[in-house]
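Q: Encoded as structure tokens, here's the structure I'll be asking about.
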Amino acid sequence: MNLVDLFSFRAAPRLDSPEVESPGKEQPNRPRRAVIALGGGGARGLAHLGAIQVVGEAGIQTERFVGVSIGALVGAMCALDSETRRVQAQTIEFLFSPAFSRNQHLLFGSTGSRMEDAESGVMAWYNRVRYLYSAHRRITRAATRRSLMPEAILSDGIEALVPDIKFSDLPTPLSIVAADLRSGNRIVIENGPLRKAIQASMAIPGIFPPVQWDGMQLCDIGVVDALPSMVAKTYASDLTIAVDVGQTHSHVDDCTNALDVIMRMQDIGECMTRREKAELADLVIRPEMHGIDWFDFSHPERIIDAGREAARRRIAVFAS
């Protein structure tokens, strides 16, 4: 019996619970369907492309994508085009384009500092933020403007990868999750202009300007909800699959200044939230990407491969 047969006949057990048969009449000829939750994680989110590919190859039909931040962008691309390998090729081509390099330079290179690994082409985000906080010009900008960076850096990339269409034009349904700065609520976007919704979910608070939407100010919700499995669970008829591309919670020797403390607490909070949200999914895929930081887009094939390998491992366990 192959993976397609297994997913066609079996109910959806939790990985950490005894198998429980789904209620109702069995439909052995119908492939299993899944809602896929795609978490935030910057460049690490390229692993979503590999995971989605393997899920499809296993005979599981995706009935909806739910995305946060980079997960919103990947979800939109895959909701529009089910040929995942074509989406991968399009993404890799863009990441090596002059347009992307220019924006990377604007975002990470204006201080003249660079990472020790010259292959990455960008400086470490941590050092960049220190410059932003310490340089008087940047502090002044932060105090008088909505963001440290212009929205064009973000919108240019979205426009290069996603056409100017509405949610209703997508062959596969998509939900994009963001935060409203005014109400403090989680906002799930499923209608309207697709590019604008992606930008809202990817607008890192303070770094990119919030997106104005029906009286709301929307931004990336990743700090408090980086894995949208709770939203995905409300739609799933069979399976909820969560792809968690966040960095693992590692030990640090010391927090030597106020910025260290602030950033460390944000990291801890995000990791704890991701763990809690992962428990809501029937199947959790966690690609292993040691040494890949969220800002480093220089090795897209390696990151996509990590998504493939993690999905193969988890699906094999789930189907056994």
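Every residue, even glycine, has its Cβ placed from backbone N, Cα and C.
Remember, predicted model here, so these are calculated numbers, not experimental data.
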Q: According to TrEMBL, which stretch among 16-21, 40-45, 298-303 corresponds to the feature motif 'GXGXXG'?
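A: Range annotated as motif 'GXGXXG' by TrEMBL: 40-45.
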Q: Hey, does DSSP put ASP220 (active site, proton acceptor) in a helix, a strand, or just coil?
A: coil
Q: Return the residues near ASP220 (active site, proton acceptor) by Cβ distance under 8 Å, restricted to its own chain and a separation of at least 6 in sequence.
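A: Spatial neighbours, sequence-distant, of ASP220 (active site, proton acceptor): GLY40, VAL68, SER69, ALA178, ALA179, SER201, MET202, ALA203, ILE204, PRO205.
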